[in-house]
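Colleague: Here's the feature list from TrEMBL:
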- 226-235: compositional bias 'Polar residues' (COMPBIAS)
- 255-385: domain 'Palmitoyltransferase DHHC' (DOMAIN)
- 217-250: region 'Disordered' (REGION)
- 88-105: transmembrane segment (TRANSMEM)
- 111-130: transmembrane segment (TRANSMEM)
- 139-157: transmembrane segment (TRANSMEM)
- 169-186: transmembrane segment (TRANSMEM)
- 302-322: transmembrane segment (TRANSMEM)
- 342-369: transmembrane segment (TRANSMEM)
Amino acid sequence: RTQKGSMKPVKKKKTEEPELEPLCCCEYIDRNGEKNHVAACLCDCQDLDEGCDRWITCKSLQPETCERIMDTISDRLRIPWLRGAKKVNISIIPPLVLLPVFLHVASWHFLLGVVVLTSLPVLALWYYYLTHRRKEQTLFFLSLGLFSLGYMYYVFLQEVVPRGRVGPVQLAVLTCGLFLILLALYRAKRNPGYLNPASSDRSLSSSQLEFLNRKGQEKTKGFPGTDTSGSLNNRTAKDDPKGSSRMLAGSPTKAKEDWCAKCQLVRPARAWHCRICGICVRRMDHHCVWINSCVGESNHQAFILALLIFLLTSVYGITLTLDTICRDRSVFTALFYCPGVYANYSSALSFTCVWYSVIITAGMAYIFLIQLINISYNVTEREVQQALRQKTGRRLLCGLIVDTGLLG
């Protein structure tokens, strides 16, 4: 823009943005972009007040109100930290509080132990399907797994070792196994093989990317000149209900690669877009809630190793505990018949923790078995589930083996 009779442009005044004051250890910026204080966590919460009023008057709460209350609690749950209070994920707290309470209650009586140890897997499965259906990330299972390892080791040191039946070598072996589990979990938690959009964009021109995006939005089945039935990889656009258009590449070298409209990249065969992590993973096997990450090409071996070390360490710890609290009995017999185990609180708590460990170990053994079967058949868990959804796979050996039809 210029003024009349003048060729000089009109200079716009720059609005100076006010500098933000540094936050103290108890201050933070909330989800509304406003400065807040940890001490005011219970102030100005209309949704929580409304929920309490309706609960006192025995009225039902709307699901939207419950979600707003949980969002407010998760936003205000923080701990003081340098340069501002840090947010604490609310999903890590229930295992830290409920697990010791449940195990101590279960050690009071045999019937209480049966009820509690039966309800724990049911509650965990319910929470898993709840978060899995919403496609949300959660630290609940990672917190439960790590805290279970630490708490079982603590009970072993406090209740089993002082009885004098566990030697220094046995304790050292068990401790070494625990550290190896943590190391393998750390390796498995790292990058599972995320696809980098920048590396994929270098091999495609801007016109090709624009064409792929346009075709992805139109949800067409393939590029001109290719088999529109999708026979090259036996997948069509209907396989992705969330709109991640899976396109076949036009050139022969790209025939087995797919286009992801969400990540804006061409992904190789057997790669998949994880809707929970929000990114594509090379040779994705599944999203594991126990490590809160995907299991893919880069961390599959570490994941298998973590399962194997956990199974060996858990069985060894269970054997040492039963040999201490139920003497002169075999491990299998002591697991189901141990007279006088509820006579004192120490042995009852140890026996309850043994059964809790047995339940967790049985679940991990099932996952480990499924992984070994999939590896032997050269298929991933995602391919197995996809074959079952499309009704192209056959269940064999009581459902443990699924013939996906990919191998001749």
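One is the number of the first residue shown, and numbering goes on along the chain from there.
Cβ coordinates are placed from backbone N, Cα and C, and glycine is handled just like the others.
Automatic, uncurated: that is what TrEMBL annotation is.
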Colleague: Which of 111-130, 169-186, 302-322, 342-369 has the most Cβ pairs closer than 8 Å to the transmembrane segment (139-157)?
Modeller: 342-369
Colleague: Honestly, do the transmembrane segment (111-130) and the transmembrane segment (88-105) touch, with at least three Cβ pairs under 8 Å and pairs 6 or more apart in sequence?
Modeller: yes
Colleague: Within the same chain, where does the transmembrane segment (169-186) have neighbours whose Cβ lies under 8 angstroms from its own Cβ atoms, ignoring anything closer than 6 residues to its ends? I mean 6 or more beyond.
Modeller: 146, 149, 153, 156, 161, 291, 302, 305-306, 309-310, 312-313, 316-317, 320
Colleague: Given the model, what does the mean pLDDT over the domain 'Palmitoyltransferase DHHC' (255-385) come out as?
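Modeller: Here the predicted model's pLDDT, averaged over the domain 'Palmitoyltransferase DHHC' (255-385), is 89.
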Colleague: Over the span of the domain 'Palmitoyltransferase DHHC' (255-385), count residues by DSSP class, listing helix, strand and coil in order.
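Modeller: Split into helix, strand and coil, the domain 'Palmitoyltransferase DHHC' (255-385) gives 69 helix, 18 strand, 44 coil.
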